[in-house]
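Visitor: Below is a structure I'd like to ask you about.
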Amino acid sequence: MEKTNHSKVTEFIILGFSEFPEIQLLLFLLFLIIYLMSLTGNLLIIFTVCFDSHLHSPMFFFLSNLSFLEICYVTVTVPKLLAVLIAQNKTISFMMCMTQMYLFLFGTGTEIYLLTAMAYDRFVAICNPLHYTITMNRNVCITLASVSWMFGFLDPVPHVTFMSQSSFCSSNEINHFFCDITALMTLSCSETSIIEIINYIEGPFIGFTPLILTIISYVYIISAILKIHSAKGRQKAFSTCSSHLTVVLLFYGTSIGVYMRPKSAFSMDLNKLLTLVYITAIPLLNPFIYSLRNKELKGSVWKATRKVQNWFSF
């Protein structure tokens, strides 16, 4: 196949779900509802945590950071998907494609570190409760959150740099619903093994090190919970971390499936399905998972919802 320099590729065509032409409108309505619900749920959590003084604690501080990140996630990818579905506006410039890819990877890396910081917070709260307020003071929380965002900002740089310098073949059609790096790798005429090598070198440090730290935290957490004599005490302790554990399993289950598979085992259909869960389901479910499993947050969210309704009633 004839190779062309990447500078000649000025735009890409995002195919989205073109294999289902008869349900494009239905998909548009589905993703629009998911997008609006994700925005509403996560904004409500941020609003509730900010204005309810009872929720000014490390756990809810990290949760508000996570909710803001989820809003960024869906806003980076879903609006363009909606345009592809309803207006058939499938083109995206080369620069915008690289920017979208960077922002998505930035969100992925940041979420990894935020989830690890939240695991550490739960570890201190359950395993060392007497020193919790001292250990997880304001400066520590701000530092952990800042480092998470900073590392997330830096992680995608080598991937996007090498991909932006790649050459692309005659086809500029991205068989995905956004500029995903795995989809662009299949279009590249250049050698993409260096990006795969970066993934496997960075993986143990960026992906698996936080995951191992999270697992270690939960080993200690579960051990501490099992030492609690009363069943009610064990249930109360576990309820404070069950939401986070659910999100961790959902996040790592999909992200490992998407990004830690070799190119020889790559399936675009499976990739699109896993990424769809990764991008839409997680931001949608996070507010429900945390609010339904945490009575304190659930009550505060209900009060905040009533306040918002009262404002709009005037």
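Just so it is clear, glycine is given a Cβ too, placed from its N, Cα and C backbone atoms.
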Visitor: According to TrEMBL, which listed range is transmembrane segment: 118-141, 238-261?
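Guide: From TrEMBL, the annotated transmembrane segment range turns out to be 238-261.
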Visitor: So what's the mean pLDDT when you look at the domain 'G-protein coupled receptors family 1 profile' (41-290)?
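Guide: Mean pLDDT across the domain 'G-protein coupled receptors family 1 profile' (41-290) comes out at 85.
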Visitor: Residues sitting near the transmembrane segment (59-86): Cβ under 8 Å, six or more positions beyond its termini, same chain?
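Guide: That would be 14, 16-17, 24-25, 27-28, 31-32, 34-35, 38-39, 42-43, 45-46, 49-50, 92, 100, 103-104, 107, 110-111, 114-115, 117-118, 121-122, 125, 141, 144-145, 148, 177-178, 240, 279-280, 282-283, 286-287, 290, 297.
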